[in-house]
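Undergrad: Input: one structure, supplied below.
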Amino acid sequence: MNFLFTGKPLPLFFYKDHLQIIAKSTSSTAKIRSPATFMAPEDAVVVVNGLNFEQRHGKERVRVARVWRTKGGRHFIVEWSVGISLLSDCVAAYVSDDNSDIVATDTMKNTVYAKAKECSDQTSVEDFAIFLAKHFTLYYNQVTTTIVKIAEKSWERVSVNGQPHNHGFKLGSEKHTTEVIFKKSGVLQVSSGIEELSLLKTTQSGFERFHRDKYTALPETRERILATEVSALWRYSFDSLYDIPKNQGYFTETYLDVKKVLVDTFFGPPKEGVYSPSVQYTLYEMAKNVLSRFQVISSVKLKMPNLHFLPVNISTKDNQSIVKFEDDVYLPTDEPHGSIEASLSRFSSKL
């Protein structure tokens with residue numbers, strides 16, 4: 001078999017404080033490879049018998065919950081669904097029946113639980129993803145890049161008789177997500193996001209002056225319900241471990257602040273609101289306000305389906321007004337629905 005790595009060579013050792021970990025991964029029980037076999041994910045292509053070949057493997061939907069208990073009896077809980085993807089030098093497993101370089105996906109699953117146990121202090125979903133990505137990339141000599149994706153359920157503390165409960169929680173709707181990519185070269189990419197953020201306003205929305213042709217039946221309106229389920233993803237400008245803020249609650253606080261900007265822009269002031277001439281216009285305003293408010297965010301991507309609430313008019317030949325629509329009775333639908341998405345980034349950013 002003829003293997004030719006077309007990726008750019010990367011140095012084997014990168015951080016002084018990780019020399020011991022890397023040395024462990026290159027012990028007598030592991031194969032020691034030339035640094036020339038390491039490559040960035042965009043260059044992770046090998047030529048096998050004259051054909052380009054690219055591969056990765058990992059573990060998906062590793063579910064883990066972590067509880068932290070304070071001395072005062074207050075509990076904190078997170079529930080995560082973890083996905084791990086490794087770009088590694090294990091081509092031989094595909095082409096020559098040699099599994100010696102494969103990090104078993106069961107090992108990845110066990111590592112998630114072991115690393116969750118090591119988090120003695122309350123940890124954000126982003127910090128945990130960085131922790132995992134750093135481990136897999138530096139612990140295993142054959143791993144060149146780790147991609148970690150995590151979705152966190154929104155368990156919210158309940159109040160009883162006006163007092164926050166020490167150990168009682170209810171499940172919210174939206175999910176807090178993150179994606180971390182960490183390369184052997186030390187390059188780091190951190191993104192955060194929101195999924196399933198359901199928003200609706202009953203007025204201050206319309207849709208007019210759109211293109212019409214012989215297939216168009218939709219009437220123009222300046223009064224409609226605007227409903228959507230926001231998916232947002234924003235990328236931080238950090239590009240190495242050393243750039244990560246030391247503040248323990250940084251990522252959680254930023255997530256909550258970004259969510260507030262998105263929601264506030266969608267609704268506008270509490271009394272009068274803000275008019276939306278289209279989902280597209282509102283989406284752009286939301287993305288623009290995020291970049292304006294947070295200089296540390298280099299790009300933001302939004303997906304906002306238009307979930308239609310259709311006016312209800314019911315009549316018969318004998319009764320013309322069984323139900324006469326007066327901006328009051330609607331039929332909620334979620335399919336088919338409009339699909340609107342866009343990204344906004346600074347000139348120096350790569351989405």
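Here the Cβ of each residue, glycine as well, is placed from N, Cα and C on the backbone.
Marked as active site, charge relay system by TrEMBL: Lys59, Thr105, His308. The feature urate binding site is assigned by TrEMBL to Thr105, Asp106, Phe207, Arg224, Val279, Gln280, Asn306. Per TrEMBL, the feature O2 binding site maps to Thr105, Asn306. Residues or ranges marked as 5-hydroxyisourate binding site by TrEMBL: Thr105, Asp106, Phe207, Arg224, Val279, Gln280, Asn306.
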Undergrad: Quick check for you: of the recorded positions Lys59, Phe207, Arg224, Val279, Asn306, which have their Cα within 10 Å of the Cα of Thr105 (active site, charge relay system)?
TA: Lys59
Undergrad: Measuring Cα to Cα, how many Å separate Asp106 (urate binding site) from Lys59 (active site, charge relay system)?
TA: 8
Undergrad: What are the non-local neighbours of Asn306 (urate binding site), defined as same-chain residues 6+ apart in sequence with CB under 8 A from its CB?
TA: Leu226, Ala227, Thr228, Val279, His337, Gly338, Ser339, Ile340
Undergrad: Of all the Cα pairs drawn from Thr105, Asp106, Phe207, Arg224, Val279, Gln280, Asn306, the residues the record ties to 5-hydroxyisourate, which distance is largest, in Å?
TA: 51
Undergrad: Under 8 Å between C-beta atoms and at least six apart in sequence, can you list the same-chain neighbours of Phe207 (urate binding site), or say none if there are none?
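TA: Listed in sequence order: Leu218, Glu220, Thr221, Arg224, Pro277, Ser278.
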Undergrad: Just to verify a number: CA distance, Gln280 (urate binding site) to His308 (active site, charge relay system), in angstrom, no decimals.
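TA: About 15 Å separates the two Cα atoms.
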Undergrad: Around Val279 (urate binding site), how many other C-beta atoms are within 10 angstroms of its C-beta?
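TA: Excluding its own Cβ, the number within 10 Å is 21.
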Undergrad: Sorted by position, what residues of the same chain at least six away from Lys59 (active site, charge relay system) have a C-beta under 8 A from it?
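TA: Residues satisfying the criterion: Val82, Gly83, Ile84, Thr105, Asp106, Met108, Lys109, Val112.
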